[in-house]
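Q: My questions all concern the structure below.
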Amino acid sequence: MFKELLAVNEYPNLLQQPNAAFTAKLWLLLKIYGVLFLAILFIAPLIIAADNFVVHVLHFKTINKVQHDSMRHFFQKLGYWKAFFYVGLLGPLLEETIFRLPLSLKKRDIAFAFSAAAFLFDSFLFKHISSPMLNIGIRLSISAIIYLACIFNIPNGLSIVDYRFRNQLIILSMCLFGLMHIANYSPIQWPVIWIYPVYVLPQLLMGWAITFVRFKNGFFWGFALHCIINMVSVMLSAGRI
């Protein structure tokens, strides 16, 4: 299992995925979830040690507490079920569309990825627009324009080119996914930005695990694993389990 995870260059071709049985795919998903859970438990002391180093040696504010406070505020603002929907379903759908869907190198998948990225990051640009309908309407319009621009400008045949840069694209996708979660620790203390990657080690490992499942089982199985991880995290944060 560990050898398969590490051998990025041996991940299956997304255009020639074997048609494995449902039970085999489900078993793989559960095994990967178990491995990821154990890996996160293993690195948890490292994150705690990093936070103690930030507070007691570097004399900055605790970084872990920022994320905990942010999650608590998020639950208070939206309520449990709405927060559960955003974190457990909508968030994984957007993130999987951005980071894992375009790994097929199909024009349509790349277009969906760029349009989803625009929709996600436009929320920061247009957060001053108080009307929800107007806000979403503007963001959807921009996403539609970007989708069409990609469809008309990205060349055909990217998915059947030689895979000279395949490994680099896979690793870049994993890293960008993990490092994006540094935003969860806003406001960021920029003098110690160099230590923030330690705090997102769980997300970096998570990106690796989901990418593996995406290549072995398909896009929707990777999405399912992402949903399970986030849903369990939400329930733990809310004290439901």
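Any Cβ shown, glycine's included, is placed from N, Cα and C.
From TrEMBL, here are the annotated features:
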DOMAIN    81-232  domain 'CAAX prenyl protease 2/Lysostaphin resistance protein A-like'
TRANSMEM  32-58  transmembrane segment
TRANSMEM  79-98  transmembrane segment
TRANSMEM  110-129  transmembrane segment
TRANSMEM  136-155  transmembrane segment
TRANSMEM  167-186  transmembrane segment
TRANSMEM  193-213  transmembrane segment
TRANSMEM  219-238  transmembrane segment
Q: Cβ under 8 Å to the transmembrane segment (167-186), counting only same-chain residues 6 or more beyond its ends: which ones?
A: 8-9, 11, 63, 66-67, 70, 95, 99-100, 103, 196-197, 199-201, 203-208, 211
Q: Taking only the residues in the domain 'CAAX prenyl protease 2/Lysostaphin resistance protein A-like' (81-232), give me the average pLDDT of this model.
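A: Across the residues of the domain 'CAAX prenyl protease 2/Lysostaphin resistance protein A-like' (81-232) the model's pLDDT averages 91 on the 0 to 100 scale.
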